[in-house]
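Enquirer: Below is a structure I'd like to ask you about.
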Amino acid sequence: MNRVYELLRRHPTWVDGSWALAILVICVPWIANPPAGVIGPATWQRVAGAVIAGALALVVALRRRHPERMLLLATVAGLAQLATDAFVLPADFALLVIVYTVAARTVVWASRYALVCALLAPLLAVIRWPSDGSSLLSTFAEAAFYTVCFGFAWLLGDSLRTRRAYYAELEARASRLERERAAQSQATIAAERARIARELHDVVAHNVSVMVVQADGAAYVLDTAPDQSRQALETISTTGRQALTEMRRLLGVLRSEDAPASEYVPQPSVEQLSDLVEQVRGTGMMVDFTVEGTPRPLPSGVELTAYRIVQEALTNTRKHGGPHVGATVRLTYGEGALTLLAEDDGRGSPEELYEGGGADGMGHGLIGMRERIGMVGGRLEAGPRAGGGFRVCAELPFRGAA
């Protein structure tokens with residue numbers, strides 16, 4: 001049964017052709033021996049009736065392929081019945097079918113035209129072929145009955161068209177939402193990749209910088225001070241392990257889509273700045289670290305941003321400050337913001353190198369700082385100091401955050 005239904009659904013013209021053939025078969029006895037008064041006595045009128053029946057059968061057969069054209073053909077067939085006095089009632093079933101089809105499938109103007117024809121056709125028919133001995137009231141009652149039939153056919157088709165349009169709008173909206181969701185997902189992925197790139201830069205740049213400094217120092221004192229060389233190598237080993245641990249946790253985000261980002265991504269806090277400063281001091285650079293105000297819990301975004309800014313500033317100081325450079329890091333807890341100040345007394349470097357992320361131009365530098373601070377709604381001031389060196393000052397608001 002399902003196969004038959006699918007076959008008929010794929011070939012609707014076959015179904016319509018079967019109905020058209022049935023109309024022709026029913027019209028044959030009607031035209032050969034018509035009821036009194038419905039077809040004129042002349043032979044040409046019966047021929048006209050046969051032609052009209054054939055035209056209306058064609059309307060049914062092609063109603064889905066060419067609905068507007070078949071509506072016009074049905075109009076011509078109806079007017080021909082009035083003009084030739086050849087009332088082919090069985091074939092007029094096609095008029096109901098085409099009114100329904102046009103209302104369900106075509107544009108608005110064709111549907112409205114079909115409605116007007118549906119309202120006028122019954123009235124013209126009962127006037128042209130009135131029942132013998134019937135009163136005016138019964139004549140109009142008959143017209144009203146046929147009008148209701150045509151009107152119901154049009155309403156049924158129009159409601160089907162409205163429902164199809166509604167479902168089409170739902171599908172279009174769902175498709176649009178799916179595209180928007182995909183675009184949002186791509187934007188989220190791009191933002192996550194940018195964030196991971198910043199994290200990788202901060203982790204690798206800082207730790208590798210420490211390892212390079214320690215390696216150079218170890219090579220310099222290898223023969224004269226083996227104990228210092230051993231200590232430098234231990235620092236390199238410890239720093240390398242820390243870098244590997246953070247990178248593994250960070251890259252875990254790329255390997256697992258189901259795991260929450262917080263499970264893998266390193267999230268340093270302000271409390272770890274003292275460890276960072278001690279690590280930098282271990283490379284031989286003097287760093288003065290002070291905290292002003294009352295420490296308090298900060299949003300995780302502010303904590304991470306503060307840590308990465310200080311880390312980036314100290315990394316740049318080691319890169320560009322020259323020998324015997326010293327740095328100052330000061331954290332100030334204000335009423336609604338955390339203020340960071342990181343400055344050094346080295347020879348400094350052109351600001352363009354900081355903007356590009358260093359002499360190699362491969363890092364994030366001040367661009368990464370500004371992106372981080374912009375994400376928490378803060379401000380950044382950075383540039384060479386008047387007396388030499390470089391200064392980075394950031395204000396990170398946290399009012400209302402717990």
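Backbone N, Cα and C define each Cβ position, glycine as well.
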Enquirer: Between 160-187, 244-271, 300-327, 356-383, which stretch does TrEMBL give the note coiled coil?
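Expert: TrEMBL lists coiled coil for residues 160-187.
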Enquirer: Which sequence positions outside the transmembrane segment (109-129), separated from its termini by at least 6 residues, show Cβ-Cβ distances below 8 Å to it?
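Expert: Residues 37-38, 67-68, 71, 74-75, 78, 82, 85, 87, 95, 98-99, 102-103, 139-140, 142-147, 149-151, 153-154, 157-158, 161.
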Enquirer: Pop the mean pLDDT for the coiled coil (160-187) in here, whole number is fine.
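Expert: Mean pLDDT across the coiled coil (160-187) comes out at 88.
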Enquirer: Looking only at the domain 'Histidine kinase/HSP90-like ATPase' (302-399), how are its residues distributed among DSSP helix, strand and coil?
Expert: 36 helix, 30 strand, 32 coil
